[in-house]
Amino acid sequence: MSKFVFVTGGVVSSIGKGIVAASLGRLLKSRGYSVSILKLDPYLNVDPGTMSPFQHGEVFVTEDGAETDLDLGHYERFTDTAMTRLNSVTTGSIYQAVINKERRGSYNGGTVQVIPHITGEIRERIHRVAANSNADIIITEIGGTVGDIESLPFLEAIREFKNDVNRNDVAYIHVTLLPYIKTSGEIKTKPTQHSVKELRSIGIQPDLLVCRSDKSINEALKKKLSGFCGVSINSVIEALDADSIYSVPLSLKKEGLCKETLNYLELEDKKCDLKNWEQLIHNLRNPGGPIKVALVGKYIELGDAYLSVVEALRHACIEQKALLDLHWVSAEMIEKNSAETYLNEVDAIVVPGGFGNRGVNGKIAAIKFARENKIPFLGLCLGMQCAVIEWARNVAHLPDASSSELDPNTPNPVIHLLPEQQDVVDLGGTMRLGVYPCRLTKNTTGKNLYDEDVIYERHRHRYEFNNYYKQSFLDSGYKISGTSPDGRLVELIELENHPYFLACQYHPEFLSRPGKPHPLFKGLIKASQDKLTQSN
C-alpha cells in the first residue's frame, strides 16, 4: 500500500517545488524506500510537446514516449528512477479525458462538473501512478502557486484525496518564500502566513513548511511560523539558496525534511546512505581545470530550453573532475558574423536538438568549424542532421544538399521525413517518441564508449538520414556507428582522424545521471581534456 506526499507552493512561482520533490525522493530512496513522483500542471495544453521552449523550457521525453514537463527530468536524475506518461498530468489532459467519458456516456446522463468529475479524474491519476509503479511513496508536485485560479481543481483534489486513504498515509508539504528586507534587516513571515491561510481556506492544513530564504532562519522565526501556521517547530524546514541543485538533498537532510515526512506517514526512519551523493558534491566543489564548452542553439535566451543537455555536461565534468565553463552561443549570431568569432577559444562544441529553419545555417557553420579545427564535437537530434548536411555540402560534393524539413524542394534531401510520418497531420504526440533500440557497429568510437552491442535511447524526431545517400557518405569517409536493429535508421555517426566527432539522432541527455554520466557526454569531456593535455 503506497503512502502519498503532496508538494504545493506559495507566495511566488518558480520557488523550487520540483527540486524539493526530487530531493525528498532522493532522501527517501537513500533510506531504502521506492519512490515515484508525478507533476500536476495547471495549464490547458494536453502536454508541453507543442509549446515554445521560450514559454516552457525543454520538453522531457519519458521511456514510453510522453512529452512532459522538465521537472520530470529532475525527478529522474535525482532518484535514478524512470518515470512514465502517467507521471505527467495537465489540466488539458484531465478535461480531455472527462469530456471523452461524457461523450461515451460514461456518466449515465449526469451533469458533468468540476466537482466531483474533474477532481475525481485527478485523484484517479494519482492512484493510477501508485498502482502502476507499486512504489512505497508517491510524491505529487502541484504546479502553480496557491491562490492561482488555475490550480484550484488540483488543490481541491488533493484535499479530497485524504478521504480516499487513511490520514497517516498522506503528508502535505508547502514550499514558501521568506523574503529578506534589506532596509529593516528582517526576514518577513507574513507572506507565508497568508499563503498557509489560503491553503487552510480550501481545507488543506500543511504538515511541513519548506521555507526558501537567502538568510538563515533562527529558532525564534521557526517558532513564530510554527505558531501562526499550525505546524510543529521541527516541521519548519529551512531551505537556504544553494550553490548547486545537487547539494539541496544534503541540506534538506540536515534540516530533517525526510525524517519529519516519514514521521507523518508513520514509516520507519531507516539508516540513510548518501555516501555516493556526498562524493558527487565533493567532486563538484573541487573541480580540476576548466573545459570551455560552446552550446550552439537557437533558444539560448532561456537556459531551461536545454536543461538536460546542460545537466548532462555537468555530470560528465563532475565525473572527469573538470570545471564546466559553458558558453552560450546563438546560432543566428554565427550566421550574422562567423563561427570563428564565437568558437575560436572553446574546447568542445555541442549542437543540440530543435525544429525549424531559424539558426540552422549557424549550426552548420559551427559543425564545419569543429570538423576542420579538430574541436571535440557532439551533435544531438537536429545536431546530427546538421552534421550530415554539413558533410554533404562540403565533403561529399553535394553543395545543394539539405533536409526536406528545411527545404522541401532540395534536389538532395540527405535528411528526409520518416515514412510513417508521411500522412501525419496533428503535431501533438505524433513524432517518433520514446525508447528505441540501436545496434552499435564494431570497431567504432561509439561502440567503445558504450561497451554494449545494443543500446536503448530516447527519441523525439520526425526526420531521418536518407539511406539513398548512405554509400556516398561511407565512400567519402563517414562512419555509421549505430543503426536500428533492422539497419534501416541511422542512429549514430562519427568521423575518423578527429579527436571526437560524434552525432546521434536520439537524445542521450535524457539518460544522464549525477554519478552516472552518459557515455557520449563523458567521452566529449575526456576528449577535450586529452586535447588540452596534448597542446600543453
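Cβ coordinates are placed from backbone N, Cα and C, and glycine is handled just like the others.
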ATP site partner of S14, I15, G16, K17, G18, I19 (as recorded in Swiss-Prot), chosen from D69, D71, D80: D71
Same-site L-glutamine binder from R285, R458, R462, given that Swiss-Prot records G354, L382, G383, M384, Q385, E405: R462
Given Swiss-Prot lists S13, K188, T189, K190, P191, T192, Q193 for UTP, the same-site residue among K224, K253, K254, K259: K224
Cβ contacts of S13 (CTP binding site) (under 8 Å, same chain, 6 or more positions away): G144, T145
Residues flanking the ATP site, with Cβ no more than 8 Å from the Cβ centroid of S14, I15, G16, K17, G18, I19, D71 and excluding those residues themselves: G9, V20, A21, E141, V175
All-chain count of other Cβ atoms within 10 Å of C381 (active site, nucleophile): 23
Candidates S14, T189, T192, Q193: member of the binding-site residues with the richest Cβ shell (10 Å): T192
Euclidean distance between Cα atoms of H507 (active site) and G383 (L-glutamine binding site), Å: 10
